[in-house]
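See below for the structure under consideration.
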Amino acid sequence: MTTSPPRILPEGWLRAALAGVEAVVLTWLAVAAVSLIAYAATATSPQLGNATWTSAMDVATSAFFLAFALPISTHLGPLTLAPTFVTLLVGVLAFAASRRLDAAGLRQLWCTGAGASAGVFVIGAIAGMGLSSLPSAVAAGIVAALGNLAALPRAERALTSSQWDGALASVRRVLERLPDWLRRAWPDAMRALWWLAGLGLMGLVIAIATAWHRVSYATAGLTDSGLDTAAIWLAQLGYLPTLITWALGWLIGAGYSIGPVRFVPGTDATGLLPAVPVLGAGPHSAWSGWISLVPAAVMLALAIWRTRRHGEASLIASMLKAVASSVVLLASLVLAATLTSGAIGNGVLARNGVWPLHMLAFGALVIVAPYLIGVAISHPDSLAWLRGVVGSARTRVGDRGHRGADSEEQAEAPRRTFGSTAAPAIKVPLQDEGDDAIPDFLRSEDDTPDLDEDYPPKS
């Protein structure tokens, strides 16, 4: 009987690695295409008359590595404001490639990450960056691995799946010891993040639509043809997640900065901005701080909906799950604020984006607090307790009303007796005291003397 040696590499490792390489290469080609479009659109400009396609490729490579935290050195200083859409694009393409190549799996995550890291390192070596591209390669590998994880179906991510067999069995045993509410906190946090991302995107679209006159004016001043316009808007698209994060920061009250210009609800934004058309969509008027009630209401509605449909059996478990989800949510918001902040040189634009501490404080106040309140008030135990309190209050009010009615009846009885038109029955001793002693108002009709008879009557 022969036994096969244990596998060192998981099944499908080559497809998973190719998914990572494909994601990186396609992302770099997309950035290079935008750079070539910009080069073709501006090649006839006097200031770019000596530009070549190789310089356009250098710009594309620098922008690609900027998306993975490698700054660009300019005459103004370091450029660290990363095009986050390029970062996100690696994860999305890794997701699509893992699905298409059937390479998604828990044991294939590191293969996809390794393939992406190798691709980035090779691109950096060709560009002459050497070992300086190694941190960017690691970052790209992490993003690609997360894309592979997202491509894994939910049923295969469950602890009962065979994906957890083998080397991951010990990890599964650790996760199985965790409370159920803690394991379910992660999906709730991810769903809340999707809701907040949609809210930020909606705010960005509304801001661009309402300030389109400023945006279009800035675009017209920078372009001479449709190709120029396409190049500028594709370049701005690279910062779409950044703009969404800034819009969300403004909605919750944390605000954002573009150099010395500070955009916060309730204050006027004054100052000069860079010649970037989309930055003209920033709210320049003093919107009321009550705008923060919009994300608060959204989180309250989400908490009520999730608790009524997928809440825990007990109120304590639901609150613990909500707290755990809130911690993940706040950490994600702070991470997003950090990744979408950066510098454009050492001058007045050295600080741009949402301050992470402001995102933490206002996120706890406007996002987490309504979420916890929604979970607390919508749980069946809370509703049963509230109905009991209301029922007890009504019972006490009813008992107090009955006692008050009885007291009023007791107090009203003498008034009805003395105020009645019927005279009380009084026995008057007519025979002992004589008829003369009877008052006129008590004399009955029988006692009225007849004028035809002798009066006074004879004894």
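In case you wondered, yes, glycine gets a Cβ from its N, Cα and C as well.
Keep in mind that this is a model prediction, so the values were computed, not measured.
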According to TrEMBL, which stretch among 168-186, 263-281 corresponds to the feature transmembrane segment? 263-281
With Cβ distances under 8 Å as the criterion, find the stretch in 192-212, 232-251, 263-281, 355-377 that has the most pairs with the transmembrane segment (287-305). 355-377
Given 12-39, 76-97, 134-152, 192-212, 263-281, the one sharing the most C-beta pairs under 8 Å with the transmembrane segment (355-377) is 192-212
Sort out for me which stretch, of 12-39, 192-212, 232-251, 263-281, 326-349, has the most Cβ pairs below 8 angstroms to the transmembrane segment (134-152). 12-39
Might you confirm whether the transmembrane segment (232-251) is in contact with the transmembrane segment (12-39), defined here as three or more C-beta pairs under 8 A between residues 6 or more apart in sequence? yes
Using a threshold of three or more Cβ pairs below 8 Å, and leaving out pairs closer than 6 in sequence, do the transmembrane segment (263-281) and the transmembrane segment (76-97) count as in contact? no
Thinking of Cβ pairs under 8 Å, which stretch from 192-212, 232-251, 263-281 has the most of them with the transmembrane segment (326-349)? 232-251
